[in-house]
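Visitor: Can you keep this structure in mind? I'll have questions shortly.
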Amino acid sequence: MLHHIILLSVVFVLSQGSRCRLPWTGVWLENGNELNITHNSIGNLGNCVQKSRDLYLLTSDTSRGPCYRCLITFPVHENVLHYKTTQCIFDTAMNLERCSQLMSADTSMHTLFRKEAIPVPCPIEAPMNFTYQTNQGICNSRTSHLHRCAQYDRLALHYQACPEIPNRESAIWQMECIGSWQSFGLHYFAARVGYSAGEQYRCFIHDKSGSSGRIGESADAGCQELTHIGAAATTLHYRQDSPVHSACEFPENMYGEKARNWESMLLGTYHRMYHGSWISSIKGRNDTVWTCLQQFPTDSNEHFTYRTYVTKGCKVGYQCVRLHMRKPHIVHVEYGEISPSESFADCSEFSVETRDTLILHGSKEACPIGGKHYSSLCPGPILQVGCSSKYSMNLVRDCSYPEGDELTCVANFKHEDNDFIIARDSLSRQLFCMTYVSDRINLLRVYDRVSCEEVSVNSATPYLSLNFSSSDSCSPSLLTGFLYSATSDVASPHHLMLLILTFIWNFL
Ligand SMILES: *[C@@H]1O[C@H](CO)[C@@H](O)[C@H](O)[C@H]1NC(C)=O
Ligand SMILES: *[C@@H]1O[C@H](CO)[C@@H](O)[C@H](O)[C@H]1NC(C)=O
Ligand SMILES: *[C@@H]1O[C@H](CO)[C@@H](O)[C@H](O)[C@H]1NC(C)=O
Ligand SMILES: *[C@@H]1O[C@H](CO)[C@@H](O)[C@H](O)[C@H]1NC(C)=O
């Protein structure tokens, strides 16, 4: 009998626990305030005591004794939760049956957005042109524009200022959708919208008909008011615009048969080209996307000039770009300024705004200037090149740390009077550009975060300058020692034999 009671109560506790489990654990936002949901509690609304489908009975301790609250939830998306709740009820006899009677239709609805929700694709198609309407008036004398940012899930809205709404200025808003759903046959989505002053959450209602439609935005971070498009605080009347398509191809040896990754020396970003599109990304996020619009003829098959449509972050425009294939694994790039309009159509001559050098990821090349290089300031060599392998370099930045830093040679080339070496620090993985004057290797300049060519390094400050007082081959001590002994001991062939033997022995 006693056993049965224990068993029953265990079963009761278990079912009670699992029955009360709240499924949407995590940190949420309600009107910008954080609210935490755990498996059995929702913010300071209370702990769950009973549950039936989406109806919950919660309890919390107050100075007046236990407070009971009824809560009903309307999960519309993994990242969006609507709920209604009652006031505190100080009645220990509260139960779910009474809750279902208490939840009347006129109890106000609350909206929760999951904090740091991973964006989802927006249920609207970019690009589009739109006019808009706020409670201050209608702006339809100028066309506003919506387009994608380099990060595909992010949209940019360029609101034009209109004389019809005097105190409304032109503004650029970014938008990232976090969920979409349908309710009573209407299409909704929620988004994080932001501009320079910060981020907010908004609900949207979408009414599409063919290639045009309307989008209504809520006044605040709640969806409850947005029962129909007429209730929106701002309404966009849009018309679908056509996206920009590529009309030419970037050099085939930049992508070849399989995808190739190029690394920027200036920014550390990764570049990938594929036919008419070129994407630069950092930490897996697109940062710039170029679309090839027109190729201009050049007099060399190592130079390529293009006019492109560019999306840099959330900014779009037109840009001239010139590529110079220095070697199969080194490309110098010259970028013109980004122009918002298509006005300059000729890229055969353009003023260069920035330069970069792209390195084919994973490439390496044997180092030049092999040997040990000394400075008058340090007892040991400050630079050793090709001594432990033909790709290795050891650089001493500070004489008090003679063990130095290991680098791997990635590329080298001659340009005008200078020789260039590109090497990668084995520890930080950073690329460095080094230059020296070809015929006298006595001053080596090291640059970081710079395009590795004449123009860029000439206007940059070296990260390090190495002044060599003398140089030597990698293993000089043995050979010079041998020659010295041999010449000073000509008389004794015996001795010489021994020396040769030790020499061979040392080599083994
Ligand atoms: C919610 O939980 C996080 C940690 O998960 C905590 O840092 C934060 O302070 C909590 N917020 C509230 C309002 O309790
Ligand atoms: C990067 O851009 C390309 C081209 O616009 C797009 O197809 C891709 O989805 C984007 N990737 C991300 C992570 O945004
Ligand atoms: C969208 O607006 C741009 C700039 O005002 C215009 O060139 C383009 O033709 C418009 N597209 C449509 C479909 O109205
Ligand atoms: C390199 O060292 C020599 C001799 O110590 C000195 O005369 C010269 O000015 C140094 N050059 C630079 C650029 O530091």
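Just so it is clear, glycine is given a Cβ too, placed from its N, Cα and C backbone atoms.
Note: TrEMBL annotation is automatic and uncurated.
Worth saying up front: this structure is predicted, and the values here are computed from it rather than measured.
Quick paste of what TrEMBL says about this protein:
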- 19-99: domain 'DUF7044' (DOMAIN)
- 119-238: domain 'DUF7042' (DOMAIN)
- 245-353: domain 'DUF7043' (DOMAIN)
- 1-17: signal peptide (SIGNAL)
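If you look at the structure here, what lies around each of the features I listed?
Guide: Taken together, the residues in the domain 'DUF7042' (119-238) have a mean pLDDT of 92 on the 0 to 100 scale.
For the domain 'DUF7043' (245-353), the DSSP counts in helix, strand and coil order read 3 helix, 56 strand, 50 coil.
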Visitor: Treating G and I as helix alongside H, and B as strand alongside E, what does DSSP give for the domain 'DUF7044' (19-99) in helix, strand and coil?
Guide: 5 helix, 47 strand, 29 coil
Visitor: Residue counts in helix (H, G, I), strand (E, B) and coil for the domain 'DUF7042' (119-238), per DSSP?
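Guide: Split into helix, strand and coil, the domain 'DUF7042' (119-238) gives 3 helix, 71 strand, 46 coil.
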